[in-house]
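First the structure, in the form of structure tokens, and then the observations on it.
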Amino acid sequence: MSNIHEHKILILDFGSQYTQLIARRIREIGVYCELWAWDVSEEQIRGFAPNGIILAGGPESVTADNSPRAPEYVFNAGVPVLGICYGMQTMSEQLGGKVIQGVGEGEFGYAQVEVQTESALFKAIEDAVSETGKPLLDVWMSHGDKVSEIPDGFVTVANTETCPFAAMANEDKKFYGVQFHPEVTHTRQGKRMLEHFALDICGCDANWKPSSIIEDAVERLKKQIGDDEVILGLSGGVDSSVVAMLLHRAIGDKLTCVFVDNGLLRLNEAQQVMDMFGDHFGLNIIHVDAENRFLDAMAGEADPESKRKIIGHVFVEIFDEESKKCANAKWLAQGTIYPDVIESAGSATGKAHVIKSHHNVGGLPDDMELGLVEPLRELFKDEVRKIGLELGLPYDMLYRHPFPGPGLGVRVLGEVKKEYCDLLRLADAIFIEELHKADLYNKVSQAFTVFLPVRSVGVMGDGRKYDWVVSLRAVETIDFMTAHWAHLPYDFLGRVSNRIINEIDGISRVVYDISGKPPATIEWE
């Protein structure tokens, strides 16, 4: 079995919104990489022993006092280094070049760079050819400051009309800098540039692929767990489902899954989970029907943050009770993924505001004396999905839209009641069914229905009735950090509205949410 961690790239994060995208692109190429904060020590870098280092972008100005710098060891480690945007600027400044502050002449968005000098980074890459016969590349820029003087030993590789050093290289030391962002899809040849860096310049093998990751994970799980038993909270979501399948492959029936039906799931979801994992895949599952317990705990509570905390607390209580029945279990499995690990490391800086409490944070009881098994903690979400497919999980389940941990608890606005959840489940199922029928489901990033605790007058036949209102929500987004409302066709929205009002007794009005993020969040609570 090849060692999937033998060849690796270290990415240093200076705060760019694109940094995780760089890591995902390197992984897609087939090379393992990790994302660390910029202020790491020489000892940590030596311990990781990367084959190459990428200095990512960031929002700061290299010209400002106390702005971040790469550790000096980066340039003495004897491995190739690629600086992207801010990473190029700090590389230039730290190695003796100069950076000037942009005054009204930054480049933001599409640009075309002209390649002046051959470079291993741009080998056999071009989008067009200039009048003078030089390669042109379509790229994505996002910078105010720029390099005004490159360090000794470097050559200018590419430029634009306003940026004299759009790319630079010291081929002897294998140091490269690009002012644009090769990791975003708008840079058409960006993936090939990153391939040149990771595979050709750094000499990495492309061993990081789903089948190898599964093989490696199964071996590591067997070694970690031995003959012990493991319990897992199975929600039916992507992460816990893939953890269940990996553990089942590694340790078979030594895995016990606890599936807690909190009454806040989608239509028929509990039955689907039991059918797939219990009947089809043959996993040991304890099914806990806890609808009343969750609803009773939330009775009278309208505050979204409090509802989230109650849902989390009741889940922990139930899971704790069930785990004590599994007396032989020595390990607790969790679906922690790599962005959770990055977020936890990053949150230590204390710079981010709390927008919403994350339903996985807050944890299980301190007195739960179980070891932790986290087989997905190195993986991004797209990698988890690919592994799920390889393990035999259905595509529709792995690629369905995100569903919040508290479920309908945060899609029923205000107090949560069984009547509201039942109506919402039916309305949401119609919306999703119609999206699939119209071939629109995969064209939006997330779609769902929200229950509004207001009654609205409706006309049915000759009579009037006061019934509930639901809102349809559909958004388009790349990263869920920002989102546009989806411009669904009017006739489609009309069809969904008619079906909901005519087929569900208790709903008299359907509205469509046309708020973007920001200022609104994607979920209503």
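Placement of Cβ uses the backbone N, Cα and C atoms for every residue, glycine included.
Record features (Swiss-Prot):
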- Cys85: active site, nucleophile (ACT_SITE)
- His181: active site (ACT_SITE)
- Glu183: active site (ACT_SITE)
- Ser235, Gly236, Gly237, Val238, Asp239, Ser240, Ser241: ATP binding site (BINDING)
- 8-207: domain 'Glutamine amidotransferase type-1' (DOMAIN)
- 208-400: domain 'GMPS ATP-PPase' (DOMAIN)
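When the alpha carbons of Ser240 (ATP binding site) and His181 (active site) are compared, the span between them is 34 angstrom. For the residue listed as 'active site, nucleophile', the same-chain residues lying six or more positions away in sequence with a CB closer than 8 A to its CB are Ser16, Ala56, Gly57, Gly58, Ser142, His143, Val178, Gln179, Phe180, His181. Each residue in Leu234, Val242, Val243, Gly335 lies on the same chain as Ser235, Gly236, Gly237, Val238, Asp239, Ser240, Ser241 and has a C-beta within 8 Å of the C-beta centroid of that ATP site, without being one of the site residues.
Distance from the CA of Asp239 (ATP binding site) to the CA of Glu183 (active site) is 25 Å. Of all the recorded positions listed here (Glu183, Asp239), it is Asp239 whose C-beta has the fewest other C-beta atoms within 10 angstroms. When the neighbouring Cβ atoms lying within 10 Å are counted for each of the binding-site residues (Ser235, Ser240, Ser241), the highest count belongs to Ser241. His181 (active site) carries neither a helix nor a strand DSSP state and counts as coil. The predicted model assigns the domain 'GMPS ATP-PPase' (208-400) a mean pLDDT of 88.
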